[in-house]
Amino acid sequence: MLEMLMQWYRRRFSDPEAIALLVILVAGFGIIFFFSGLLAPLLVAIVLAYLLEWPTVRLQSIGCSRRWATSIVLVVFVGILLLMAFVVLPIAWQQGIYLIRDMPGMLNKLSDFAATLPRRYPALMDAGIIDAMAENMRSRMLTMGDSVVKISLASLVGLLTIAVYLVLVPLMVFFLLKDKEQMLNAVRRVLPRNRGLAGQVWKEMNQQITNYIRGKVLEMIVVGIATWLGFLLFGLNYSLLLAVLVGFSVLIPYIGAFVVTIPVVGVALFQFGAGTEFWSCFAVYLIIQALDGNLLVPVLFSEAVNLHPLVIILSVVIFGGLWGFWGVFFAIPLATLIKAVIHAWPDGQIAQE
């Protein structure tokens, strides 16, 4: 048994390039695992740098210097963010306040509807269980106000951190874009010399991460706008807020779409009732989700589609548990990285001979 393990070890780990790749991966995972909180602004800056690299290169191709191309792209990007912050965010925030205000009425309607179930289906529903659920719901509503106050006070503590990030992140993005080659050369100098295999994996993953980040942003925008227009067509309350939530839900494959469907169905059901308008609105929402999953995602993420849905869900759960939001956001690239490493890893036949 021990001899078999030794043979397996020699086959898989006799190549110096494989050892170098393993060291780089373990070091990278360890740094992110232990210092993810401290590295949050850097991770945001790296994501934005990947996103803005394409327009920067395009401006360079028409004669702009790297410095000027970076400056122009960053100014335009910040301008778009400010426009969204002053136009979209206040409306979505106001709709969120209205939703919280109307939630007790919605829950009361749900409680009244649930109270009729034991009379309609006495064999399936117990009145005592329904009453207990209604009482539990009322008690939660009474404590909701205190929870909102506590969250508000806690959020005040994070305002300083957010203010610092708003200054640091654009500066980091600027220097990551402007001095990209110098920084990559500096990283190469500290890596092991036998890094041919690592370079092969990096070249493949670098392009995939670029496509993934650009694709995710485009998917969020397309799905969010399409959902908003669909909800506006039916005059659904809180349409912009719900559309923003649906847009952000694409960051979490499968799970996000399932979770965000709950408030969409709840709001539509309480506004329209279980009538034709509700089912028409819900059908439009399902069509948008189907087009996203079966048309938009295959076009934007052709490589990721090769991953089995169970692998994607497990990746979201595992990496999300390890690194929170960033683990969820990069679940598909990380799963693709593991797949690329497995495929690129030496099979050991040369070493055996």
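Cβ atoms here come from the backbone N, Cα and C positions, even for glycine.
Taken verbatim from Swiss-Prot:
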TRANSMEM  19-39  transmembrane segment
TRANSMEM  72-92  transmembrane segment
TRANSMEM  156-176  transmembrane segment
TRANSMEM  217-237  transmembrane segment
TRANSMEM  240-260  transmembrane segment
TRANSMEM  281-301  transmembrane segment
TRANSMEM  310-330  transmembrane segment
Message: Pairs 6 or more apart in sequence, C-beta under 8 angstroms, 3 or more of them: is that satisfied by the transmembrane segment (240-260) and the transmembrane segment (19-39)?
response: no
Residues from the same chain, set at least six apart from the ends of the transmembrane segment (72-92), whose C-beta lies under 8 A from its own: 48, 52, 55-56, 59, 64, 170, 173-174, 177, 240-241, 244
Statement: Listed stretches 156-176, 217-237, 310-330 vs the transmembrane segment (19-39), most Cβ pairs under 8 Å: range 310-330
Query: Near the transmembrane segment (217-237), which same-chain residues lie under 8 Å Cβ to Cβ, leaving out any that are not at least 6 residues past its ends?
result: 51, 95, 98-99, 102, 243-244, 246-248, 250-251, 267-268, 271-272, 277, 280-281, 284-285, 288, 291-292, 296-297, 300
